[in-house]
Amino acid sequence: MTNKKRILSGVQPTGDLHIGNWLGAINNWVELQEKHETFLCVVDLHAITTEYDTKQLSKNTLSTAALYIACGINPKICSIFVQSQISAHSELCWILNCMTPINWMERMIQFKEKSIQQGNNVSIGLFDYPILMAADILLYDADYVPVGEDQKQHLELAKDIAQQRINAKFGKEENILKIPQPIIMKKGSKIMSLNDGSKKMSKSDINEGSRINLLDTPEIITKKIKRAKSDSYMGMEFNNPERPESRNLLMIYSLLSGKEVSELENDLSQTGWGTFKKIFTEQIIESLKPIQERYQVLINDPHELNKILIQGKEKAEVVANKTLSRVKSELGFFEIEK
């Protein structure tokens, strides 16, 4: 038995992971993994809530798991697994669906934003996305969930469902579901688009030039940075509200180089965009090189990668099935006598 607090998090395999996923999420997991019991999921069930390529889903799932490890996640101390491989996620999701008032769901900001993009193709799955996320979290009795500000509302929903709709209604002397607390990931959580410094970097952006993917070649990185939006000011600034692109690139540069933003701002106060972009490009290529090298070793050894995912699944399944069994028992489901 471990006395470590438990953490649960994950990323969708909807496309290549980018530097926003790395700096804003995975890097934080790397820092947390030594002191916490860590479960990291590739959330492929979430990936099908919008249109997707069936030929790419499996490939992207394996690639995402490989990138977790290439970025520093240690499979010897973390359980890395694929969401759809554990049926308890879908089963608990349905139970939570039946316990959650629909007006709670209608308040979800992200659905409103994403449904505008989807138009008439918006699915029930996208509407139900926060319930599946709640099931993901609650299945593992997570103490903490690392989230960005944009996911905080979804975590609050998970807490409300657990406390008000399950524990308060069906719990007797003890809670049925553990109430998780957020770890708000501030460092790197606001990596913005290369084309628009006011818009978050996203895998779903149709413009490939809006992001640097972790597997981009040096040639592609160079081209994307050259085309990245700039402004007419001289020198690089971080706190000027009229210069979101300058702020964004300085933030990324700071995280990659390990230098304080204030130091960079001082060093680059008289540096033009052309010169800065060359320096910035070199830093990105240098920072991504070891990740890309480790990734190639992993992806070219599918047997070892599958072994890691099987081990992760086995550990995760024990915890998930125990929680699901407890929920079903307390909610009155029939159980076959053994």
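Don't overthink the numbers, they just go from 1 along the chain as shown.
Cβ from N, Cα, C; glycine included.
These come from Swiss-Prot:
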type	residues	note
BINDING	GLN12, PRO13, THR14, GLY20, ASN21, GLY148, GLU149, ASP150, ILE191, LYS200, MET201, SER202, LYS203, SER204	ATP binding site
BINDING	ASP136	L-tryptophan binding site
MOTIF	13-21	motif ''HIGH' region'
MOTIF	200-204	motif ''KMSKS' region'
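Compared over the binding-site residues ASP136, GLU149, the count of CB atoms lying within 10 A of a residue's CB peaks at ASP136. Annotation for THR14 (ATP binding site): spatial neighbours ALA47, THR50, TYR52, ASN60, LYS203, SER204, criterion Cβ-Cβ under 8 Å with sequence separation of six or more. Taking a C-beta cut-off of under 8 Å and a sequence gap of six or more, MET201 (ATP binding site) has these contacts in its own chain: HIS18, ILE19, GLY20, ILE191, MET192, SER193, LEU194, SER210, ARG211. If you take the Cα of ASN21 (ATP binding site) and the Cα of ASP136 (L-tryptophan binding site), they are about 19 angstrom apart, rounded to a whole number.
For GLN12 (ATP binding site), the same-chain residues lying six or more positions away in sequence with a CB closer than 8 A to its CB are VAL43, ASP44, HIS46, ALA47, LYS203.
Taking CA atoms as the reference points, GLU149 (ATP binding site) and the residue listed as 'L-tryptophan binding site' are 18 Å apart.
Of all residue pairs in GLN12, PRO13, THR14, GLY20, ASN21, GLY148, GLU149, ASP150, ILE191, LYS200, MET201, SER202, LYS203, SER204, the annotated binders of ATP, the farthest apart have Cα atoms separated by 21 Å. Every protein chain shown contributes to the tally, and the Cβ of LYS203 (ATP binding site) ends up with 19 other Cβ atoms within 10 Å.
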